[in-house]
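Per TrEMBL, these features apply:
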- 44-62: transmembrane segment (TRANSMEM)
- 82-101: transmembrane segment (TRANSMEM)
- 113-132: transmembrane segment (TRANSMEM)
- 138-161: transmembrane segment (TRANSMEM)
- 173-196: transmembrane segment (TRANSMEM)
- 202-223: transmembrane segment (TRANSMEM)
- 260-280: transmembrane segment (TRANSMEM)
- 295-313: transmembrane segment (TRANSMEM)
- 325-345: transmembrane segment (TRANSMEM)
- 351-374: transmembrane segment (TRANSMEM)
- 386-404: transmembrane segment (TRANSMEM)
- 424-442: transmembrane segment (TRANSMEM)
Amino acid sequence: MNAARNDSVLTPEQLPQEIEDRYNTTDIPAQDSRKSNNKNNTPLHLQILATHLIVFNSFGLVQSFATLSAPYHNHLHQPPSAISWIGSTSICLAYTLAPLSTHLLRHTSHPHLQLFGAACQIAGLAIASWSHRYSVTLLSQGVLVGVGHGLTFVPAIARLAARLGASRWKMTALSVAGCGAATGGMVFAGIAQWAIKRVGLSWTLWVLGGVVGFNAVIVQGLLRWGSGESEGVDATPSRGDGQRVKKTWWKVRVLRDRNFALYTLAIFFFFAGLWIPFFYTRSFAVEALHMDPSQSFAVFMILNAAGIQGRIIPALLSDAVLGTINTYFVVLLLMGTTLFCWPLVGSSTDMFVWAGAYGFCAGGAVSLVQAGAISLCGEEEDVENCLGVVLGVAGVASLVGAPVGGELVRAGGQLLGDGSKAHLLLQLCTGGFILLACFALVSTRVLKTGWKVVVKI
């Protein structure tokens, strides 16, 4: 694992170029061939749109969860830290199911996998709408919806990344697809904000499920466009000598590489802090700055909207100038600085500016996670295993980050008082997580290239 790989951006499951060749080749040996209708004939722009909608349905729900936190608090009579377990569980499963979902993608059709995942998302929201018990809501919207995220998100990005191959516009296309998290976060949050006041929480969840279902129908049409009846796709790569690469879901042995181990540590700290502001920015705006609900909602929308530019601009900078690891370090440093400026926010204007800055940094940082892992993974057959380890660590960190944030707010209120003081421990801890991630990433770079400054990596 010593050879460096080419950098790319926004590739949650980058598959080797050999896989793309398997999708498009017309001269496949008989022993490795499947039915000819397995070819991916969907027009590229339609596949990008489909992937955008898939990310919209998964991480759009994740990034809008804060809009449901207060209604769930009143509905289930649970503290904020307990409510945050619902959202963090779905995030965890979206990442940790990556090895399973890519394995399933090699043995079933992509449209069928997307259909089953969307059914899990809709069923989870429907069951949550009937529930008045915390445990049922956790299992439905946390676990079942999270399974749906895990079965849809990574396979969609993996197929698009393989389709693009070494295209000059690969970075831009993946960035547009990844922006579905920001657009979905805004749309779902807007619907929830409007509907909860008028029809209540239960019917709001039904409406959100309807939006997921509507998008899923469009996705099915787009993925099947021009491809006929799609059977399973064998995405197992071949070496140059024609021998098949033996695939496994998970090889922790990749952590023996010190570069990759340090990078994985950076990912853990990053995801431990990443989602905390998405869960607690609105409560800070209301409790510390005494903003009204409409103003706090505007802050939350800016937090999501800034992620669109945050995903695209660092991606362009990475491919054109700095490289993935260098760009990632710069974005993490800005992100940590932004978080340490959070305690200085003292007015509504400050809050709007801070939300835009953090949303930009968060969008940029999360878009570079998988590309960084690929750049440090030297063996072609280890790519999926590297990504499986990284995404698994990201899922575990995401699971505990937001609930820990809730406990920090509670502890801050008891030790320091109400208002902005109650959030001080959360703010400092979140900034500390990101700076630890920054330090681990710098260690990764130094170990790989030494103290050379002008090196694209």
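We number each residue from 1, going along the chain as drawn.
Including glycine, each Cβ sits where the backbone N, Cα and C put it.
Heads up, TrEMBL stuff is auto-annotated, nobody curated it.
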- Message: So if I exclude everything within five residues of the ends of the transmembrane segment (44-62), which remaining residues of that chain have a CB under 8 angstroms from its CBs? That is, six or more out.
- Response: 87, 90-91, 94, 114, 118, 121, 145, 148-149, 152-153, 156-157, 159-160, 163-164, 173, 176-181, 183-185, 187-188, 208, 212, 215-216, 218-219, 222-223, 225, 275, 278
- Note on the structure: When counting C-beta pairs under 8 angstroms to the transmembrane segment (325-345), the leading stretch of 82-101, 138-161, 202-223, 351-374, 386-404 is 351-374
- Most Cβ pairs under 8 Å with the transmembrane segment (138-161), selected from 113-132, 202-223, 260-280, 386-404, 424-442: 113-132
- Message: Check for me, if you would, whether the transmembrane segment (351-374) reaches the transmembrane segment (173-196) - at least 3 Cβ pairs under 8 Å, residues 6 or more apart in sequence.
- Response: yes
- Query: Where else in the chain does the transmembrane segment (82-101) make close Cβ contacts, counting only residues six or more beyond its ends and a cut-off under 8 Å?
  - Reply: 12-13, 58-59, 61-62, 65-66, 69, 72-73, 76, 113, 134, 137-138, 141-143, 145-147, 149-155, 249-250, 275, 279, 384, 387-388, 391-392, 394-396, 398-403, 405-406
